[in-house]
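Trainee: Can you read through this structure? Questions will come right after.
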Amino acid sequence: MKYIGAHVSAAGGLANAPARAAEIGATAFALFTKNQRQWRAAPLTPQVIDDFKIACEKYHFSAAQILPHDSYLINLGHPVSEALEKSRDAFLDEMQRCEQLGLTLLNFHPGSHLMQIAQEDCLARIAESINIALAQTEGVTAVIENTAGQGSNLGFEFEQLAAIIDGVEDKSRVGVCIDTCHAFAAGYDLRTPEACEKTFAEFGKIVGFQYLRGMHLNDAKSAFGSRVDRHHSLGEGNIGHDAFRWIMQDARFDGIPLILETINPDIWAEEIAWLKAQQIAEAVA
């Protein structure tokens, strides 16, 4: 079964996120558990936690259908010690917030070397950062998102994701989220079913489908292999509809949150309905 949704707003309170997801016909959702552009946030109160859990139950969302995203400020591979510690503290707080909310996944961008340290050193720092957070939390999996490779961001090659996982001590609590726009911009072709087969065969060989814990379904304004991160609505960009139809009809993508971060929230309900229809079309066939 496919869990399909979008990254919805938690404005006005975390408990509003499940309702907003339900309104667009989603069976999954992503959210920020705090302001993503600030380092610090007030601790979660028992009331906020209870309200969120009640809303999830009301709208039939289990933890397996929810893919929280951490702050954009965090860089777990930062080359400067003081800044690295600040990011690690913030990441631990994000993991603990998920733990308090009964969530089991935390999606994050791996990190950037900022042209100051070697790629290998940065990847090792990211893995160490994950180990530190996992040692102080329980039940939450750190879900590494592939990047487009813009600037000095790492995680744009499957080999880089595999290297981070290799450095994580508890393999049961590390996973990967594949963003289709990022993959395409990083040079992994998705424009035809044959290209999708090839790209995900490579993913399976290098990373492994056992680590796939979520996906971001985005078309791309950016060109193939451009290393530029620019999302687009499904079928409107340079990837096209075929990739998303192919994903919907492949059982390897069952049981994980498939999250839209496409650029027009006004048509998310339509995009979700279209994705669901592709799945039904395969079942009928």
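For all residues, glycine too, the Cβ spot is worked out from N, Cα and C.
As listed in Swiss-Prot for this protein:
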type    : residues                       : note
BINDING : His69, His109, Glu145          : Zn(2+) 1 binding site
BINDING : Glu145, Asp179, His216, Glu261 : Zn(2+) 2 binding site
BINDING : His182, Asp229, His231         : Zn(2+) 3 binding site
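Describe the structural context of each listed feature in the structure shown, including burial, neighbouring residues and relevant distances.
Mentor: All chains included, 24 other C-beta atoms sit within 10 angstroms of the C-beta of His109 (Zn(2+) 1 binding site).
Neighbour density for His216 (Zn(2+) 2 binding site): within 10 A of its CB lie 26 other CB atoms from the protein chains shown. In three-state terms derived from DSSP, His216 (Zn(2+) 2 binding site) belongs to an extended strand segment.
Within its own chain, Asp229 (Zn(2+) 3 binding site) has Thr147, Ala148, Gln150, Cys181, His182, Ala185, Ser222 as residues 6 or more apart in sequence whose C-beta sits under 8 angstroms from its own.
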Trainee: Looking at the binding-site residues His69, His109, Glu145, His231, which has the shortest Cα distance to Glu261 (Zn(2+) 2 binding site)?
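Mentor: Closest by Cα distance to Glu261 (Zn(2+) 2 binding site) among the binding-site residues His69, His109, Glu145, His231: His231.
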Trainee: Are there any residues at least 6 positions away along the chain from Asp179 (Zn(2+) 2 binding site) with a Cβ closer than 8 Å to its Cβ? List them or say none.
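Mentor: Glu145, Asn146, Thr147, Ala148, Met215, His216, Asn218, Glu261 - these are the non-local Cβ neighbours of Asp179 (Zn(2+) 2 binding site), listed in sequence order.
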Trainee: Quick check: which same-chain residues outside His69, His109, Glu145 lie with their CB within 8 A of the centre of the Zn(2+) 1 site CB atoms?
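Mentor: These residues sit around the Zn(2+) 1 site: Asp70, Asn107, Phe108, Val143, Ile144, Cys177.
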Trainee: Highest CB neighbour count within 10 A among the binding-site residues Glu145, Glu261?
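Mentor: Of the binding-site residues Glu145, Glu261, the most buried by Cβ count within 10 Å is Glu145.
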Trainee: Out of His69, His182, His231, give me whichever of these binding-site residues has the highest number of other Cβ atoms within 10 Å.
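Mentor: Going through His69, His182, His231 one by one, the largest Cβ count within 10 Å is at His182.
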